[in-house]
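Here's the structure, in structure tokens; my notes come after.
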2 protein chains.
Amino acid sequence: MGSSSVNDPNIMEEGGQQLDHVIGDRNVAERSRMLLNAPQPPGLCSEFVSSVKDIVNLPNGNKSYSGEKKKPELKQHVGTVLRGLFPILSWGRIYTLSKFKSDLMSGLTLASLSIPQSIGYANLAKLDPQYGLYTNVVPPLIYALMGSSREIAIGPVAVVSLLLSSMVQKIVDPVEDPTGYKRFVFTVTLFAGTFQAAFGLLRLGFLIDFLSHSAIVGFMGGAAIVIGLQQLKGLLGFTHFTNNTDVISVVRAVWRSFHDPWSPHNFILGCSFLIFILFARFLGRRNKKLFWLPAIAPLISVILSTLIVYLTRADKHGVRIVKHINKGLNPSSAKELQFSGPNVGEAAKTGLICAIIALTEAIAVGRSFAAIKGYHIDGNKEMVAIGFTNILGSLTSCYVATGSFSRTAVNFSAGCQTAISNVVMALTVILALEFLTRLLYYTPTAILASIILSALPGLIDINGARNIYRIDKYDFLACFGTFLGVLFASVEIGLLIAVTISFSRIILNSIRPGINNLGQLPGTNNFCSTSQFPMAIKIPGVLILRVESSYLGFANANYIRERILKWVTEEQENEESKENARTLQVLVLDMSNVLNIDTSGIHALEELHKELVSLDLQLAIASPTWKVMHKMKISKYMDIIGSGWIFLTVSEAVDACIGSKMVISLPC
Amino acid sequence: MGSSSVNDPNIMEEGGQQLDHVIGDRNVAERSRMLLNAPQPPGLCSEFVSSVKDIVNLPNGNKSYSGEKKKPELKQHVGTVLRGLFPILSWGRIYTLSKFKSDLMSGLTLASLSIPQSIGYANLAKLDPQYGLYTNVVPPLIYALMGSSREIAIGPVAVVSLLLSSMVQKIVDPVEDPTGYKRFVFTVTLFAGTFQAAFGLLRLGFLIDFLSHSAIVGFMGGAAIVIGLQQLKGLLGFTHFTNNTDVISVVRAVWRSFHDPWSPHNFILGCSFLIFILFARFLGRRNKKLFWLPAIAPLISVILSTLIVYLTRADKHGVRIVKHINKGLNPSSAKELQFSGPNVGEAAKTGLICAIIALTEAIAVGRSFAAIKGYHIDGNKEMVAIGFTNILGSLTSCYVATGSFSRTAVNFSAGCQTAISNVVMALTVILALEFLTRLLYYTPTAILASIILSALPGLIDINGARNIYRIDKYDFLACFGTFLGVLFASVEIGLLIAVTISFSRIILNSIRPGINNLGQLPGTNNFCSTSQFPMAIKIPGVLILRVESSYLGFANANYIRERILKWVTEEQENEESKENARTLQVLVLDMSNVLNIDTSGIHALEELHKELVSLDLQLAIASPTWKVMHKMKISKYMDIIGSGWIFLTVSEAVDACIGSKMVISLPC
């Protein structure tokens, strides 16, 4: 039905006649005909199909990494798929001894940082210390097989540990029911891994884009402060602390704890080693050759403080220590997963949120280091890799692992070449689990707290926030809102604020679009906004307005119509007050920005036309886009305003008005 | 900080030099400078302020109705405000006897339709019949004082009655606790009126735009069928029926009721009068002079059927009758309102939904008839009028009233001139309440059902739905989804579907924008999409892409970057396969549609530039809009790509490429 009117000879004829009458220029008429005879734009169904195809066929950055092209043979095809799933099959064949040397060094450096950090993160996740170490064994090994980033360091991270404990402890109390808590955490890990792998396999990589960069800056900043406040418990050696993560609860808990008896030894020990770690980092930054110093400082702190406690028996004097760490490799946790009971839905929800945050961090980390080395990371592939990492992790007593900001930077500056550095790190952690757990018995918890505290400044990106503020105030609102939400409410509320503010921007943009008055740029045929180009000259008798919205529809059609009418009446009043003889004759509506229109939009245009007729004004439409043109045709709107009043450009519309002597030409 | 870099002479100087070097054309350089030196666009704060001002100062259509302009004096000012609130003060002074004659006739016609309809609607709302009549007394009187529509007929309507009963009966059972139910309904009415008045006073008229026209078409169609099915109870004389409104429950209830003993007399009586009413309408449509026939047919049916039942004592043989109707004027219900207890929140929620649906109907009705008579209705003023109507209604035993589709059409065709016809109708209903209630005792409920049934076809707009399907498939999806939601789930679910589908369109449009390849239209300087204009010619060596999104930001920046890269690599592969000597040199990005950009968008552009550099391609940006230009300046992105590569139009960018001999000129 729609397409029949497109080629309706009557409309064309009438259009042509009117055009000749008005303009008398065959050339313009011909161009107008091009506009009228455009092919039909793709419909909803074909758009949906092409969008799905798009998702499935997005450029696969990993191909350039493997350096292979698809070949039709089955064997070759299987090879390609396998190499796609396990990039190690590609780069493993060109792996050299010199690369291994670099990877060995960086792997060992990484391990020296990972061991104390992961014990601290397990503490933050309210798990026993060995679970942090376990999470540093299986996930890095799996990722080395499946991942495509060469620098990323996989393992437990601060933000996910915090998120996990803050969400899970609302459902299972880690003190009253430690086994149930542990089982729930493994179940959450399995769900998180499954969601991540599913996102990757279904090519839903764009989902993580919904957390905008600015929201992540705010989220990370807020989370860093919350994590830092949680460390006060370890640093000050408190026994009673709050389970809430918001600033107010924590400050209140700290205040209350000061009234209980507490030992200052913890604080002195923790602070002195914190200063040592920070000083080591300062030295490492000043002198690039000392890059290993900040990486190894945490391990040195652990060794020294453990020795001090062991020799002075300070644990008898109120210094809190790690105590028992289970010896041996990761036990299987397959039987601990729970798929029945009332909390499975909660586990899935927690898993989803952890999955998204973990992916966001991993992909941001992976991409930024890949950009430095000049290769591309395919988000969907990374999701699959991280997903399987966590699925297998959940079966081997690991909790949610992802790429860590701080350790990846250490890995990079230690000169890692491939994911083998992760393997080296995992093997070192295995050795530590076998032989060193008894030595860690006397490690003071204050040292773990100070190691975590020292890693936090990297999460607070003040420069990034300042940059966001400078470039885009609304983005800063999202950033700051998320920050405050995480700080004063909870991690989930912060995320909710982030998504809400980000999406409300898209919606606000659509429901309150701008309308701009256009004028001719001197010496050109271009018509530009008079606010952007104050030198643009208005054409007397013609009001040219541009609708600044990509969508003219239910949410804004009425508003746009009223704004246009307001502009018209103001212009008329203006002319009357000037006692200007040349009154307004034509309204040219530049629709070049309107990419789509719906039935409400068409209806508003119809009403606008009626109202303009009652004001004795002619409506001309300039540069309608493809879909708008098509819908104006099938809705017969074009018959209402006359197809001779539709122009390819604003300048042609103005020429037509001047040519038809409706308005007086301006000498320019 | 932002504005300092805008006028940074270094940038300008560098830009200028680069420009001369590349183009060697002072004119283009000058225009490029115009682009670079544009004033700063309004910030977030000033945009917010102007948006608030906009809301407050929207054109006030009612001023033209009153024909008055504001004057500075206080007394005059008070007068204007009073006339604004009570338009009757304006038009009342020019009211004439001839107008009154028309209003009297149309008011009496209206009353003859209103009395039986409102008893039926009270039944639908599960209230005693007199409450329908009460709602036909106070609301029309208040509206006559405050409303600005001249045709609208105020009173109870089918959709709101259904909505009210279906939502309220989930909280208070109308059979077990009729007093509590009634009190709850009055409270809901007060809330609805308060919300409506608040929307109007705060100028939030745009809120009702969120229910798109297509969603309303679907909603009304679904609601009409649901209402029709509810009438089966009255028409078939069932005693047991379901409280659910969805089709499946109702069909099941009808099926079950057929197994109980039931009297076919109800059905025969109802059907024969339904046929009579429909035949009267058919006659009225055929012959415009008989317009009163369809309007008066319901009253005739009531009188005749009541007489038949009274004379044959059919109520003894299973014919269900209305029975007792309370005599006398509206009693006060001020003391029945409840503001404490657990259900106040529910009352507010129900009130909000009823308020929005009632407003949508009233404003749609008012506007469409005002458009026929050629005057404009201010949505915000109407909201205040309807709001106060319901607030006062809730104090005088009325439930939610609004403008009725069917009765407004009758009022219009009966030739009403002003809202006085509503007053005449209300006075007639008062007379009926005083003297006729005892006569209505024997009115069969089947007749009321058939009167409601006869009004339903007007709510089902099949032509409208077909039109929506033809013009916009996605709109039709919203329409049909809402229809199915109302039909198979519930009224609220239908509304939820409507809002969700409508808004997801806006979001989908933003996250999956199109990228179009542009070519030169033969014989012009215009560059247009090659899919819209198949005759457009591509420029060898230059790839011109247009981003078809009004917003380049977090939700789509990555996608757009990947799509552009995909296009570039495809173009390069294409050229390689053709063994074409002229390989791609420049990518011109037409940003004319991108009205805003955020930090993620800037970041994506930066990455795009890096990736293009690695592919040995130059990036040129054509026609950036105001805000985009500003943000590229303050984020120093312009320094990265070089301000000489930013052009006012695509054609200038292409000329510059040809002029710089980067690409070979095409003879055309």
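Yeah, the Cβs are placed from backbone N, Cα and C, and that goes for glycine too.
Any TrEMBL annotation is an automated prediction that lacks curation.
Range A:439-460 is the one annotated as transmembrane segment, of A:439-460, A:637-658 (source: TrEMBL). Looking at the stretches A:214-232, A:537-555, the one that TrEMBL records under the feature transmembrane segment is A:214-232. Long-range neighbours of the transmembrane segment (A:412-432) within the same chain, counting only residues 6 or more positions beyond its ends whose Cβ lies under 8 Å from a Cβ of the stretch, are 88, 91, 95, 99-100, 102-111, 114-115, 118, 133, 136-138, 140-141, 143-144, 147, 149-154, 291-292, 295, 329, 369, 372. Per DSSP, the secondary structure of the domain 'STAS' (A:552-657) breaks down as 62 helix, 15 strand, 29 coil. Sequence-remote contacts of a segment are chain residues at least 6 beyond its ends whose Cβ falls under 8 Å from one of its Cβ atoms, and for the transmembrane segment (A:290-311) they are 109-110, 112-113, 115-117, 269, 273, 276-277, 280-281, 283-284, 319, 321, 410, 413-414, 439-440, 442-444, 446-447, 450-451, 454. Contact between the transmembrane segment (A:384-406) and the transmembrane segment (A:214-232) is not supported: fewer than 3 Cβ pairs lie under 8 Å, counting only residues 6 or more apart in sequence.
Beyond its flanks by at least six residues, the transmembrane segment (A:184-202) meets 125, 127, 164, 168, 171-172, 208, 333, 336-339, 343-344, 347-348, 350-352, 354-356, 358-359, 379-395, 397-400 of its own chain at Cβ-Cβ distances under 8 Å. Tertiary neighbourhood of the transmembrane segment (A:265-283): same-chain residues 234-237, 290, 293-294, 296-298, 300-301, 304-305, 308-309, 314, 317-320, 444-447, 449-451, 453-454, selected by CB-CB distance under 8 Å and a gap of 6+ residues from either end. Within the model, the domain 'STAS' (A:552-657) carries an average pLDDT of 86.
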